[in-house]
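Engineer: One structure, pasted below without further comment.
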Amino acid sequence: MASQEQLSAIKGAKVLMVGAGGIGCELLKTLALSGFQDIHIIDMDTIEVSNLNRQFLFRQSHVGQSKAKVARDAVLRVRPNISITPYHANVKESRFNVDFFKEFDVVLNGLDNLDARRHVNRLCLAADVPLVESGTTGFLGQVTVHLKGKTECYECQPKPAPKTYPVCTITSTPSKFVHCIVWAKDLLFAKLFGDKNLENDLNVRSNDAANSSEHSEDVFEYRKDEDIEQYGRRIYDHVFGHNIELALSNEETWKNRNKPRPIYSKDVLPEKLSEQNGNMEKGCVTDDVSAMVSLGLKNPQDVWSLGENSRVFLEALRLFFLKREKEIGNLTFDKDDQLAVEFVTAAANIRASSFGIPLHSLFEAKGIAGNIVHAVATTNAIIAGLIVIEAIKVLIKDSNNYRMTYCLEHPSRKMLLMPVEPYEPNKSCYVCSETPLSLEVNTHRSKLRDFVEKIVKAKLGMNFPLIMLGASILYEVGEDLEEDMVAIYAANLEKALSELPSPVTSGTVLTVEDLQQEFSCNINIKHREEFDEEKEPDGMLLSGWVEPPVDKDKDKPIGNGESTSNAVPAEESLEAKKDVTIQEISEVTAIATGTKRKLSEVSKGTTPDHSGLSDGTRNHNQLEKLDVDDEDDELMISDDWESLTKKKRL
């Protein structure tokens, strides 16, 4: 039973919830049933069919409607006398500024991406409002408490860095199924159905002038004088046959690798597919735009043979051109697009077969391509309850009993919930401790745009940056800027750093601010001539903003991480001549003993152990945050998908 002090604090509290998804639905229900009277919810998403299995406030009839508004209506039917204010909006909108956050006694996060989490963290710091952060993935979850000056902020500890695969691995020497998925999704699908103007490494042409003219032109161009099956076979033969043969011609590459085998359509398919499978013609008239339906394939958990994958590949391509031709040129991969998932699964499996990589089912391929780690409703409910417990402690200022709590899949010391005292602020944190950063950059070659996109936005998470050198403003974003200033700042973006009106050279100190977040940091500039294109693809190196160490065992995940919708963000991006970034997730988290970590231990940044949950013998400074995402099952691509789909025994 709650004490009178707790009941009084609950009834008088004004609470802000950010996120109304898997955790958010449970959290809103728990807040209402616990006696909270004034709750505000921000969520920009609408309800999807895939939400309904665990976001219990929503029904089939709600699909397409605002999550925040539907959640409010559902809870008010149970608790009609409380106040719930929904905002169908992005928490990064300008109206949700520091003054807005100051209206609340506590902020409760149920977000699904790093970018929004960092944004809310900074607003809470600026407004001096306590933040209770949370996340779940499968059976794992966590709740953490962040109070300015008393505990570490959300950004005090580095978040797991995305694993990077060089483009040459994806295009030439794949060794894992995830490589094939990235190739099929970000290269082949984008080339066939996306923006034709984007550079793409797929259209490999031979340097041999004696080769046929077929390979001296864009083979991906659909010719009006050929039928769709001919076009599909031409694409098939080019990417799975010709390009593989071309790769084999470089004998040096295969000295210490298993050679792939070229695959041509004539080797695995009959001359006329319609003669073998009558269902294909039915696919022309069915309302289901699905290659599986057309071909009579019913179970998405079956692993298709090479022949079946080849038929799905051609049928999916045919259906795109027959039934979705108007969308071609503007399509991007969507995990909820059945036809897109079928095409990517088939293409990845054919490529995997060529390189001797085990084939995967559509269910598994969708999980990898769509960054899916399946959510567990019970975990969300547990985490929501823990959030409310910590929120009540915050409201009555019971700081001695604040806890970071980890929800485990398997008992450790006979416990499934592991409470840990909050960590103290990290004195090296550039967000809450205002520690200066250092940037090595070629000031003669790198443009201001590179600095803004790769550092200010991608790494520092600023949305409305202001960049100053002394009293001179080099760049600013804002709705109230005059047109002539907008033009000046746009022109500055295209100038090298050393060529700006106020030149940025070695020894220069830049001040970067985000006025919405009321966050500022200083960056010391150091000129550097050369960078390793593979290890330092950004062409600049930021110090003080620390990424975690990468596990030397490439087959092991490096830790729990977030989708960076910004951020990475949780979508992988692939540009020509750049590396492919893939988020990975660990299945386990180390356990703390429950003691407070010293600041000296915070700054050392020990490498976490991912071998499994201990029996209580691990040192407390080995605890690794389970910083994970809730919402639509979307987390990050795993490089070790099989280990995530099998229950791990200790």
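Cβ atoms are placed via backbone N, Cα and C, with glycine included.
Those TrEMBL annotations? Automatic predictions, nothing curated.
Taken from TrEMBL, the feature Zn(2+) binding site applies to CYS153, CYS156, CYS429, CYS432. The feature active site, glycyl thioester intermediate is assigned by TrEMBL to CYS168. Under the heading domain 'Ubiquitin-activating enzyme SCCH', TrEMBL lists 326-366. Feature annotation from TrEMBL assigns region 'Disordered' to 530-575, 593-627. Annotation source TrEMBL lists compositional bias 'Polar residues' at 603-616.
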Engineer: Please give the sequence-distant neighbours of the domain 'Ubiquitin-activating enzyme SCCH' (326-366): residues at least 6 beyond its ends with Cβ less than 8 Å from one of its Cβ atoms.
Structural biologist: 48, 50, 174-177, 180-181, 183-186, 188-190, 192-196, 236, 239-240, 244, 258, 260-263, 289-292, 300-304, 306, 309-310, 312-313, 316-317, 319-320, 372, 634, 641, 645
Engineer: What's the number of neighbouring CB atoms sitting within 10 A of the CB on CYS153 (Zn(2+) binding site)?
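Structural biologist: For CYS153 (Zn(2+) binding site), the 10 Å Cβ neighbour count is 23.
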Engineer: C-alpha of CYS153 (Zn(2+) binding site) to C-alpha of the residue listed as 'active site, glycyl thioester intermediate': distance in Å?
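Structural biologist: Distance between the two Cα atoms comes out at 38 Å.
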Engineer: Using the recorded Zn(2+) site (CYS153, CYS156, CYS429, CYS432) as reference, state which further residues of the same chain have their Cβ within 8 Å of the centre of those residues' Cβ atoms, listed in sequence order.
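Structural biologist: Neighbours found: LEU125, GLU152, TYR154, GLU155, PRO425, ASN426, VAL431, SER433.
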Engineer: When you tally the Cβ atoms that lie within 10 Å of each candidate's Cβ, which of the recorded positions (CYS156, CYS168) has the highest tally?
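Structural biologist: That would be CYS156, with the highest Cβ count within 10 Å.
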Engineer: If one measures from the C-alpha of CYS429 (Zn(2+) binding site) to the C-alpha of CYS168 (active site, glycyl thioester intermediate), what distance in angstrom results, rounded to a whole number?
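Structural biologist: Pair distance, Cα basis, whole Å: 36 Å.
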Engineer: In angstrom units, rounded to an integer, how far apart are the Cα atoms of CYS432 (Zn(2+) binding site) and the residue listed as 'active site, glycyl thioester intermediate'?
Structural biologist: 40
Engineer: Give the distance between the Cα atoms of CYS156 (Zn(2+) binding site) and the residue listed as 'active site, glycyl thioester intermediate', rounded to the nearest whole Å.
Structural biologist: 35
Engineer: Within the domain 'Ubiquitin-activating enzyme SCCH' (326-366) only, compute the mean pLDDT.
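Structural biologist: Per the prediction, mean pLDDT sits at 93 for the domain 'Ubiquitin-activating enzyme SCCH' (326-366).
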